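Pulled from Swiss-Prot, these are the features on record:
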BINDING   N10, W11, K12, G182, S221, G242, G243  substrate binding site
ACT_SITE  H104  active site, electrophile
ACT_SITE  E176  active site, proton acceptor
Amino acid sequence: MARRPLVMGNWKLNGSKAFTKELIEGLKAELHDVTGCDVAIAPPVMYLGTAEAALSGCGCNCGGKSVIQLGAQNVDINVKGAFTGDISTEMLKDFGAKYIIIGHSERRTYHKESDEFVAKKFGALKEAGLVPVLCIGESEAENEAGKTEEVCARQIDAVINALGVEAFNGAVIAYEPIWAIGTGKSATPAQAQAVHAFIRGHIAAKSQAVAEQVIIQYGGSVNDANAAELFTQPDIDGALVGGASLKAPAFAVIVKAAAAAKN
C-alpha cells in the first residue's frame with residue numbers, strides 16, 4: 001500500500017519565543033504549497049502555545065489550517081496529579097499537538113527510560129488519540145557487534161508484548177542509529193533501507209496489514225544534502241530531523257524531497 005511520508009522536526013532544547021515565531025513564518029512561506037507529505041514540528045513544550053498561534057491563519061488556500069502540524073518531544077504516563085515537572089497527554093492535546101516523540105535515545109540515555117517505560121508512554125498516547133513516534137536504534141558499540149536487528153526487535157517487542165501488534169496501526173517508528181545522531185555521520189541509504197526492511201518484516205511476522213501501513217522514518221543526521229537519496233528507498237517513509245529542522249530552507253528541502261520521492 002502507498003504510505004504517506006512524514007517529515008518531523010525535533011527542535012530538542014533549542015529556541016525562544018522570537019525564534020519559534022520566526023522559524024514558523026519561514027516554514028509557512030517555504031511549505032505552503034507542498035502536498036503529498038505530512039509535516040510536523042516538535043518545539044520545546046514551553047513554546048507550544050507560541051507555535052500554535054504562529055501556525056494559525058497561514059495565509060494560503062488551506063482554509064486557515066497550516067500544512068504543518070504540531071508535535072512534542074516527550075510525554076508522561078500520568079494524566080494528572082502529584083508528578084512535578086511532567087507533561088500529560090491531555091496538556092499536549094490542549095495545544096493541538098498530534099505527533100509525540102517517545103523513546104528518543106537522549107531520553108533513554110540521560111533519563112534512564114527503559115523499553116518497558118517507553119511502551120507505557122506509547123499506550124498512554126494511543127489511549128489519548130495521539131500519534132506515538134517511537135524512536136528505536138542501536139549504539140555504535142551495538143552496531144559494530146552486529147546487534148542492530150536484535151536491539152530494534154527488542155525495542156519494538158516491548159510495545160507488542162504490552163499492547164499487541166495492532167497498537168502500531170496509525171503509529172510512527174523512527175529508526176535513529178545512535179551513532180549517527182548529531183555526529184554528522186549517517187547510515188548509507190542502503191544500510192538504512194536494510195534496517196527499515198527488517199523492522200517492517202519483524203512487525204509483518206505478527207501482522208502483514210499492520211506492517212504495510214506503519215510509517216518508518218529515518219532519523220540519523222538527515223539533512224538537505226542526503227535526504228533525497230534516502231527517500232528513494234522503499235521502506236523509508238520520511239525523516240525525524242534534528243539540527244536541520246532549525247533552519248527553514250534546509251527543512252523545506254527535506255520535506256520537498258520526501259514529497260517528490262513518494263508521489
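Cβ coordinates are placed from backbone N, Cα and C, and glycine is handled just like the others.
DSSP assigns K12 (substrate binding site) to coil in the three-state reduction, outside any helix or strand. With respect to Cβ neighbours within 10 Å, the recorded positions K12, H104 differ, and K12 shows the lowest count.
Taking the centre of the Cβ atoms of N10, W11, K12, G182, S221, G242, G243 as the substrate site, the nearby residues of that chain (Cβ within 8 Å, site residues left out) are I181, V241, A244, S245, L246. Around G182 (substrate binding site), the same-chain residues six or more apart in sequence whose CB sits under 8 Å from its CB are S221, G242, G243, listed in sequence order. Secondary structure at S221 (substrate binding site), as computed by DSSP, is coil. Fewest other C-beta atoms within 10 angstroms, among the binding-site residues N10, S221, are seen around S221. When Cβ neighbours within 10 Å are tallied across all protein chains shown, the highest count among the recorded positions E176, G243 belongs to E176.
When the Cα positions of N10, W11, K12, G182, S221, G242, G243 are compared pair by pair, the longest gap among these substrate-binding residues is 14 Å.
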